[in-house]
Amino acid sequence: MAKKWLNKVKWDDNGLVPVIVQEVGSNDVLMFAFMNRDALQRTVELGEAVFWSRSRKRLWHKGEESGHVQKVHEIRLDCDEDVVLLKVTQIDNIACHTGRHSCFFQKFEGDVEVGDWQTVEPVLKDPAQIYTKP
């Protein structure tokens, strides 16, 4: 049976929708990812973020390897119905695979001629300690 709420989302030609993940409380933007219908449905069912991994071509339950799960408080759809916003609690304060709080840790500084990207967030945990495979 088709779920009306899933049909309201404007999925792209690949059946995906962009997702912005924002931390409840701080309002920090933690990451950007994609979901397909199954990922969005699983997110609602679990109360935890589940995305579509374009590189692995499979569902990706955020934190499945690292333990850095995202507990979902709200799911919003933008005015054009083609972008999803998740408001989450980030477990262990690490959202990025680099071991940082946010994937947006590089800030542009300077001007058009001599500007450059500066790292403005510290590594909270070495990724080698996060992603250990037996």
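Every residue, even glycine, has its Cβ placed from backbone N, Cα and C.
D82 (Mg(2+) binding site) falls outside any helix or strand according to DSSP and counts as coil. Cβ neighbours of D82 (Mg(2+) binding site) (same chain, under 8 Å, six or more residues apart in sequence): V9, K10, D12, V17, P18. Look at Swiss-Prot and you will find D78, D80, D82 tagged as Mg(2+) binding site.
In the three-state DSSP scheme, C96 (Zn(2+) binding site) falls into the coil class. Residues or ranges marked as Zn(2+) binding site by Swiss-Prot on the basis of sequence analysis: C79, C96, C103.
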- Note on the structure: Counting other CB atoms within 10 Å of each candidate's CB, the least crowded of the binding-site residues D78, D80 is D80
- Message: I need the neighbours of the Mg(2+) site defined by D78, D80, D82. Which other residues of that chain put their C-beta within 8 angstroms of the C-beta centroid, in sequence order?
- Response: K10, L77, C79, E81, V83
- Query: Cα of D78 (Mg(2+) binding site) to Cα of C96 (Zn(2+) binding site): how many Å, rounded?
  - Reply: 24
- Task: Measure the Cβ-based neighbour count of C103 (Zn(2+) binding site), defined as the other Cβ atoms within 10 Å of its Cβ.
- Result: 17
- Task: Tell me, if you would, which residue among C79, C96 (binding-site residues) has the fewest other CB atoms within 10 Å in the structure shown?
- Result: C79
